[in-house]
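What TrEMBL lists as active site is 556. Positions annotated as N-acyl-D-mannosamine binding site by TrEMBL: 516, 528, 556, 605, 608, 627. If you look up TrEMBL, you'll see 608, 618, 620, 625 marked as Zn(2+) binding site. Taken from TrEMBL, the feature domain 'UDP-N-acetylglucosamine 2-epimerase' applies to 76-414.
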């Protein structure tokens, strides 16, 4: 009442009300914040994890961006802080921090940490400058965990600062081996880091050997592969034209990216000069990216300008290409050349040929698309490599990832218990055996996709490393090439998708098919008469392109031998022979632990060993072959003859009118006492036995394995023939019936499981 009497009383009352409202509002939000904090503390690890991602350059951002996007999509679990430093903020290197902004990430802090000079001293000073500036940033952000990538000197400064300030560190791509000072930096960061995300099994084993805690290592694959394997841009030609010109065609240009080798700068500059000379001589349109900021990069740029690369009509020199566009450029290039880790890692996902120069990536795991030129005195060796590689197309490689790294990493982050002691524990030898590849809740079974192309059925199976058939799919084998190849692709895609649900990691695809096969190229040269329209068929390329997996192809007889070597009675034996007795007769030979293919991929056609000069006609065009006597087709032929003469059926037997007479009816008749059927089976078994005797005299194996549905019916006759006909020196060789249920599928799988990173075996 007193204030109302005052000249400005009403204004004073309004101010008091506003003040009280602000006080109540502040109190309300404090209480709300306190209540939310109590709920989060009650939920323990369900509280938001504050993650700081620090990126130093365009290369590490391509690996960190998929993780950042993943974190951003789960705001209920994570808070993301982004710190940008290093060459991101330098105009000469493209001001690449802009691509982070274009990806709609809020940059919390920009740190200018690069001391110019591009020599060894400048690298040391840059690390020192970062160490001076980072503590204030980390004190302000107070992250629960910092994600650091790779092996750059900037990353070493980040890891050192975080470790000394008791901030947990998650290191991406530790355990790998390459050249230059990067190796030492990478391993130094490993020792500072609390958690590790690695890309390959070898890297995982290296981390374990370095005494890192196995429970804190996640084998996830490279995060950039999540983007690579899903990258589909039908308008890639517009990207090619934008960077290389309107007259350039797909697969008719080169991408060059070469960095200095800090431990041998002079030699790396000489190699770069020779590379440019070779590219000029090769006379193809080339996109040249400027080198990174390492010591020696300034001299490399001088070499480019001295040779007029920026003004040469065949060259386009650029400081930076956005990663999405860079993916399309390397995916459709005729070749990539240089010493960037991108060439030996990411480019393999597309099967693009790569020429890796010098020692910068020495020790890296590579796919078959990479040709190494370790050293060169003139341009000739590099030029020859260009002629060998340019325009080729290799199977896609997934050594470094399967496209599912980010979900694994996010799950791993959620599992981190902040209540655990911060102090690292080192696991000194003895090192645990490689039993589990991932953290307990992401255990996966290493598996292969196995395909069996039979005369009647087409089968696809997921097969584990132990030879267990996790799941099997069966369809009738179509009669035409188009239908058959489409069905194979469809079944394999469905099986690969199902494998993820079954917690199986598919390492590759193995295909078993009838006929003569070139396993080096993955081509069916000539098929059997049972599979039509199946000559000169490239099976590797369509499957590899569709599934982004390595693909192996071989003859079904060879696959049966491989199955016995890995899972069956041939395990551990140096020399043995497998004979398949089915619709036809096939086989495989293992000599000195290796499969024999022969000079024209025709070895082990054991069904066409001639055992009689005047025997019945064979499907191969000859006569008197084992297959003409002992195959399922031969027995079916004889059964039909008996049936037509009413000499097949005996008491207790019947053949329905709608059922074709086959080999099984002949076997049944023989068991029921049909003398003619017994005579036919004895003749067939004798022919097979003579074939085995020839094999014993020729190959002198330590074991012969009979496989297939007819094997158990022939085994005793074959042994009798060996006793009567074989030399005494080989009569002790054992002949056994295979105990494998699906040798063709298991053999196809063994090609993948034994040779995941090899093409020729």
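Using the three backbone atoms N, Cα and C, a Cβ is placed for every residue, glycine included.
Cβ contacts within 10 Å of residue 625 (Zn(2+) binding site), excluding its own Cβ and spanning all protein chains shown: 28. Within 10 Å of the Cα of residue 528 (N-acyl-D-mannosamine binding site), not one of the recorded positions from the list 556, 618, 625 places its own Cα.
Sitting within 8 Å of the Cβ centre of 516, 528, 556, 605, 608, 627, and not among those site residues for N-acyl-D-mannosamine, are the Cβ atoms of 514, 515, 555, 557, 584, 585, 586, 607, 620. Those residues of the chain, other than 608, 618, 620, 625, with a C-beta within 8 angstroms of the mean position of the Zn(2+) site C-beta atoms are 607, 610, 619, 621, 622, 623, 626, 627, 628. Considering only the recorded positions 556, 605, 627, the Cβ with the fewest other Cβ atoms within 10 Å is that of 605.
Listed binding-site residues: 618, 620; maximum Cβ neighbour count within 10 Å falls on 618.
Residue 556 (active site) sits 17 Å from residue 620 (Zn(2+) binding site), taking the C-alpha atoms as the reference points.
Within 10 Å of the Cβ of residue 528 (N-acyl-D-mannosamine binding site) there are 19 other Cβ atoms, across all protein chains. For the domain 'UDP-N-acetylglucosamine 2-epimerase' (76-414), the model gives a mean pLDDT of 91. For the pair residue 608 (N-acyl-D-mannosamine binding site) and residue 620 (Zn(2+) binding site), the Cα-Cα distance reads 8 Å. Cβ contacts within 10 Å of residue 516 (N-acyl-D-mannosamine binding site), excluding its own Cβ and spanning all protein chains shown: 19.
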